[in-house]
Amino acid sequence: MSETDQPTPGVPAKPVPVLVPAPPAAPARASTRGSKRRTVGWVSLIAALALALGMSFIPSPYVIEQPGPVFNTLGTSDHDGTQVPLISISGATTYPTSGALDMLTVSVVGSPESLPSWAEIVGAWFDQSRAVVPVASIYPPTVTVEQQDQQNQAQMVNSQQEAIAAALTKMGTAFTTTVSVAQVATDAPATNILKAGDTIDSVNSVAVTSVDTLRAAVTANGDAAPATLVITRSGAQQTVQITPQKASDGTILLGIAAAAAYQFPFTVNIQLDNVGGPSAGMMFALGIIDQLTPGDLTGGQKVAGTGTISADGTVGAIGGIRQKLYGAEQSGATYFLAPASNCDEVVGHVPSGLTVFAVSTLTDSITALTDISSGSDTGSLPTCDSVQAATK
């Protein structure tokens, strides 16, 4: 008897000639109980499906980070529908390049105004290339999406300037640095003394050539006596005195946000629309150096990497390192330069076929590229595994 031939509960079956007495009532009662169990099963299944369907529309308090677009700093980018060089240099001799120095991005699925559904969140949980994070970690509740985008864009602009400065510093090319006041805190030592836009020329006769030298000079002064600052305001120099204060963590502060501005001997233009944040700094610096030096850094290889950069060549940690590893692997890169300070997130999460080297400075990155491009043994280069092992 097929499944379609089963008797329907409560409906008499067609008479069939038999040579034995009709079955007793007990089996009939058993059949009724089985039907009830099947009914309950169907109800449970329908309820589960309804719940799953509902979850597919209910927003979650999370957003999803996933691999974003990949850009070759030696190649082109889209600008208003036209492909333009991602890095262009005028006023200096440049040289041909080959291969790729890829910078990675992370795309965020969702925003406070449009949150992913629970179904999307569950799918992301089972995808190693994606991460589920609280929406507040990407979009703080006190900051609008527009403000967050503006902050990310400001970080991108600053990272480009730091990348140019780092590249020229590495090459020994001179340029001018000025440090200015970006913001003055309320009820701080510098309140009513310094103004946004002031240039800080020196502290206690020590020339201020970077934010780091400013910080060091203020720290050396301490909080027991006033520091003498020479500043330029509206084109005129003047001398002011400020007594720093000590923060709860022991840091000596003036109570200002300072920013460095650079005057370079030639023009470097980095054209990359709709991408924010500081994490491409190292790759920008490498792309600039590759154009300004004979030969090529990659030897035709496809190398990806990430990391912030400062004018002195220090490579800093970034967010979304795991998504960037998978973005590099998906784009066909075989080598990846990762900040050593991100190694704790890298170990155990490297996609198959991708070799990751740990770097702490721009010099480390160039050393790695030199070994990669020459085809020499890269076994002596630090990896995240070796960096982590050394910290234990």
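Cβ coordinates are placed from backbone N, Cα and C, and glycine is handled just like the others.
Annotated active site per TrEMBL: Ser279 (among others), in sequence order. Cβ neighbours of Ser279 (active site) (same chain, under 8 Å, six or more residues apart in sequence): Met103, Leu104, Ser159, Thr306, Gly307, Thr308, Ile318, Gly319, Gly320, Lys324.
Annotation source TrEMBL lists active site at Lys324 (among others). Using a 10 Å radius centred on the Cβ of Lys324 (active site) and all shown protein chains, the other Cβ atoms total 29. Under DSSP, Lys324 (active site) is assigned to a helix (H, G or I) in the three-state scheme.
Under the heading compositional bias 'Pro residues', TrEMBL lists 9-26.
The domain 'PDZ' annotation in TrEMBL covers 142-235.
If you look up TrEMBL, you'll see 274-372 marked as domain 'Lon proteolytic'.
According to TrEMBL, the region 'Disordered' annotation covers 1-33.
The transmembrane segment annotation in TrEMBL covers 39-58.
According to DSSP, the secondary structure content of the domain 'PDZ' (142-235) in residues is 38 helix, 23 strand, 33 coil.
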